[in-house]
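Encoded as structure tokens, the structure appears first; notes follow it.
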Amino acid sequence: MSSYQKELEKYRDIDEDEILRTLSPEELEQLDCELQEMDPENMLLPAGLRQRDQTKKSPTGPLDREALLQYLEQQALEVKERDDLVPFTGEKKGKPYIQPKREIPAEEQITLEPELEEALANATDAEMCDIAAILGMYTLMSNKQYYDAICSGEICNTEGISSVVQPDKYKPVPDEPPNPTNIEEILKRVRSNDKELEEVNLNNIKDIPIPMLTELCEAMKTNTYIRTFSLVATKSGDPIANAVADMLRENRSLQSLNIESNFISSTGLMAVLKAVRENATLTELRVDNQRQWPGDAVEMEMATVIEQCPSIVRFGYHFTQQGPRARAANAMTRNNELRRQQKKV
């Protein structure tokens, strides 16, 4: 038995209750303070939980914040300032720094012909602005025009500002018109299996009710003519992704699916990718630009789906990891080669 264990043996048979009964009230209070769990280093806790209350003096009255601030300010003014170790005399010591003159190398020196020197020296502000515009500095202002504009608050002297040389004026590009698709009419045509309806484009329609999109996906399960289905920027989430996944398991005519720029999480994307494995007609799938990054597991699943589905020849997603990106690129090259060979046959 070690010496430390021998030292502990003498405390084995001690009766703690008997010791506590012999303690005085002051000693019990001191023991209670010692046993309190305090964390003085945690700045997120209030002061009462970081340090024990050691105040023994009873309060003399209510707290008067203004009087306390005045007392502290008066006390600070009455304290004598500490003398400087080296008193300030204002004497300047040392030599002032003088920047050395830089000699311009001969190859950097620019010399103009005397005629050009004379023309530039006698040029007006308008002519100098025209020369600056030719060099690419449009609407150049002279120093006098600049300070006049600062003093008056507006440009009064416009000489040379409207120079002969003007920059190219670009034509404003108008915003794209809203999507004119009537969702209720599209839903009816999908349910009736209209053979003239080969594309469903609901891009940029923000207020599509979730039940209507779910019904549309349900109707597409038995549709045999639609080739392209696009739901870009429709604020679709995981419920719509699950409905699209159920549609892919039963639909056998869809060739292109685009669900980019939506609010689909990694769970919804995984459901869509698992459904793509059971679909042999889909050739294009675009799932990029979701609200949040799907994660490494989803990117690995994407690469696996492309490898196991030779029908996928176009896949829209920007991989962030090198491993899945390389696997997907190799699989896409193989799938396109298989498609090219099938066309030859």
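Glycine residues also receive a Cβ, built from the backbone N, Cα and C atoms like all the rest.
Keep in mind the model is a prediction, meaning the values are calculated, not measured.
Here's what TrEMBL has on this protein:
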type	residues	note
REGION	42-63	region 'Disordered'
COMPBIAS	326-335	compositional bias 'Low complexity'
REGION	326-345	region 'Disordered'
COMPBIAS	336-345	compositional bias 'Basic and acidic residues'
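Here the compositional bias 'Basic and acidic residues' (336-345) is broken down by DSSP into helix, strand and coil counts: 9 helix, 0 strand, 1 coil. Helix, strand and coil residue tallies for the compositional bias 'Low complexity' (326-335), in that order: 10 helix, 0 strand, 0 coil [DSSP].
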